[in-house]
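Everything below concerns the one structure shown next.
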Amino acid sequence: MPYRMSRQAYAETYGPTVGDRIRLADTELFIQVEQDFTTYGDEVKFGGGKVIRDGMGQSPIANADGAVDLVITNALILDWWGIVKADIGIKDGKIFKIGKAGNPYIQDHVDIIIGPGTEALAGEGMILTAGGIDTHIHFICPQQIEVAIASGITTMIGGGTGPATGTNATTCTPGPWNMYRMLQAADAFPMNLGFLGKGNASQPQGLTEQIFAGAIGLKLHEDWGTTPATIDTCLSVADEYDVQVAIHTDTLNEAGFVEDTIAAFKNRAIHTYHTEGAGGGHAPDIIKVCGQANVLPSSTNPTRPYTVNTLDEHLDMLMVCHHLDPAIAEDVAFAESRIRRETIAAEDILHDLGAFSMIASDSQAMGRVGEVIIRTWQTSHKMKVQRGSLAGDGKADNLRAKRYVAKYTINPAITHGISQYVGSVEAGKLADLCLWRPGFFGVKPEIVIKGGMIAWSQMGDANASIPTPQPVHMRPMFGSFAGARNATSLTFVSQAALERDIPQQLGLRKSAVAVSGTRQLTKQEMKLNDALPHIEVDPETYEVRADGELLTCEPATVLPMAQRYFLF
């Protein structure tokens, strides 16, 4: 006889199912379940008197014969490709299957086998996303990594050597010796890491040696001199060795204007950092490049979203980050030229249109490493409130949610040639995953999984009789320590470095894998963020138009995902 449950009772027991809507934190964003891979009446759930017991939902099948190492039950997956309810099987540190878990001897349609060697993680009522990818890291201090993983970031790409003056301003790990030391340091962290070399050179040999040393890309930064000659040389070397180039262009227009920089690209793929320009770049019109097919544009989070406080905080940040002197008029003028309310407002809308493809932090160098995910969803919320639902979205905001989650997951992975390993919740990829309570979505993850093992988690008093007594906060778990962190995280290097056995020569303990497929990319590969509007910027008023339409919006006076969740 069938048993009927109300939707509320079902959701409280097994999590939401097809047609149910879920609010994301305290935003005005709602997502709706599109598909449910589980079977009504045959769901698996762990606990006393529940299903995952021997002879019931747990089979006698050994892991060697197909049972998974970890099953996440009844989770709601939010990814660029869909919003679905499913069980997730993890085996050998990778996502094995998204589907229906259980005991194939007594249950139908089981494609994730639970056995005596299977750990269980309750995903009922939880949202599951891929671990975030931050591709604009100034490696100024190692404590950034703790803050990042606690926020849901599992991959960090950028450059630096610590709190050196160059690193404070530019995301470069310059030269082989510095690159080797940073690769060795990477072994200490439960984080996938990749380092960019310095790309500013008008001759190739100094760039080539950095790629041979392990750089996964090169960074062109105006503080080192981003001229048309250095752009051309850097991209030519990148083309030869299949690594990405990231660029911070010439704010002062000393060596040319934005048109000269675009010409120097010669239609070659390039990742433009802080494409709006407050973080640096041709003033006032670097934002034009987001309409170029070969440009993969990102934002950094201090301008995300546009608020009443955005302009005021930027000037002081900029003076510190770029080693400027407030007593020198030219330095102040340089700083002020980068901060424009009109282009920052337009940036909000260009994200909502899918014309800006990625969001990153610019950590400790005008950006906040722990706020990439928060700022992304705050931008999405602001655009929902100010612009209404996207075409195709109705009572739920599925398209908008998928567009925005792609900005810090799959699109940065594609851009930097690592999407075969990370960036989405898909079978075969490293099991870098975040579980969120819906009320805390995007703000504070409940559990961060690295390579199939819990690395960080909300955890209460370790002396308590149960895990939940206060104070509860994010803490490192066993996946963050000793050999476990090396077995569950990756170090990204160039193919040229692998061919030269650099990881072995340095004694690296993490698996080192090569980036690939970076040089033939176009914006068309940016998932749900591939719009190519024609951008015009008025040089006097800084007004921005896309395909002739003025892009403007009001600054937010209040935001969700803010004081409600934090004491400080």
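Cβ atoms here come from the backbone N, Cα and C positions, even for glycine.
Here Swiss-Prot flags 131-568 as domain 'Urease', drawing on sequence analysis.
Swiss-Prot lists HIS136, HIS138, LYS219, ASP362 with the feature Ni(2+) 1 binding site, giving sequence analysis as the kind of evidence. Within the same chain, the residues at least 6 positions away from ASP362 (Ni(2+) 1 binding site) whose Cβ sits under 8 Å from its Cβ are HIS136, HIS138, TYR273, HIS274, GLY279, THR300, ASN301, PRO302, listed in sequence order. DSSP assigns ASP362 (Ni(2+) 1 binding site) to coil, not to a helix or a strand.
Less than 8 angstroms from the CB of LYS219 (Ni(2+) 1 binding site) sit GLY158, GLY159, THR170, THR171, CYS172, LEU196, GLY197, LYS198, GLY199, VAL245, ALA246, ILE247, HIS248, each of them six or more residues away in the same chain. In the three-state DSSP classification, LYS219 (Ni(2+) 1 binding site) falls within a strand. Residues or ranges marked as Ni(2+) 2 binding site by Swiss-Prot: LYS219, HIS248, HIS274.
According to Swiss-Prot, the feature N6-carboxylysine maps to LYS219, an assignment based on sequence analysis.
Positions annotated as substrate binding site by Swiss-Prot, on the basis of sequence analysis: HIS221. With a 10 A radius on its CB, HIS221 (substrate binding site) counts 25 other CB atoms from all the protein chains.
Summarising the annotation, Swiss-Prot assigns active site, proton donor to HIS322. Secondary structure at HIS322 (active site, proton donor), taken from DSSP and collapsed to helix, strand or coil, is coil.
Across the residues of the domain 'Urease' (131-568), the predicted structure has a mean pLDDT of 97. Burial estimate for the binding-site residues (HIS136, HIS248, HIS274): highest at HIS136, by number of other CB atoms within 10 Å. Scoring each of the recorded positions (HIS138, HIS322) by how many neighbouring Cβ atoms lie within 10 Å, the top position goes to HIS138. Excluding the listed site residues HIS136, HIS138, LYS219, ASP362, the same chain places ILE137, GLY158, GLY159, THR170, THR171, ALA246, HIS248, TYR273, THR300, ALA360, SER361, SER363, ALA365, GLY367 with Cβ atoms within 8 Å of the centre of the Ni(2+) 1 site Cβ atoms. The CA atom of HIS322 (active site, proton donor) is located 11 Å away from the CA atom of HIS221 (substrate binding site). The DSSP secondary structure for HIS136 (Ni(2+) 1 binding site) is strand.
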